[in-house]
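Chemist: What Swiss-Prot records for CYS5-CYS19, CYS9-CYS21, CYS14-CYS26 is disulfide bond, and it gives similarity to another entry as the kind of evidence.
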Amino acid sequence: GAPICGESCFTGKCYTVQCSCSWPVCTRN
C-alpha cells in the first residue's frame, strides 16, 4: 500500500504537505 503520513483524516482532510486522505488515514501522494 501507499506510505502512511502519520496523520488520520476522519474529517476527510489532511494537513500534512503532499498527503491525501485515504480514509481514515493520510497517504503520501
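Positions of Cβ are set from backbone N, Cα and C atoms, glycine also.
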Chemist: Any idea which of the disulfide-bonded residues CYS9, CYS26 has the thinnest Cβ neighbourhood at 10 Å?
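Modeler: Selected from the disulfide-bonded residues CYS9, CYS26 on minimum Cβ neighbours within 10 Å: CYS9.
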Chemist: Roughly how many angstrom lie between the C-alpha atoms of CYS9 (disulfide bond) and CYS19 (disulfide bond)?
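Modeler: CYS19 (disulfide bond) has its Cα 10 Å from the Cα of CYS9 (disulfide bond).
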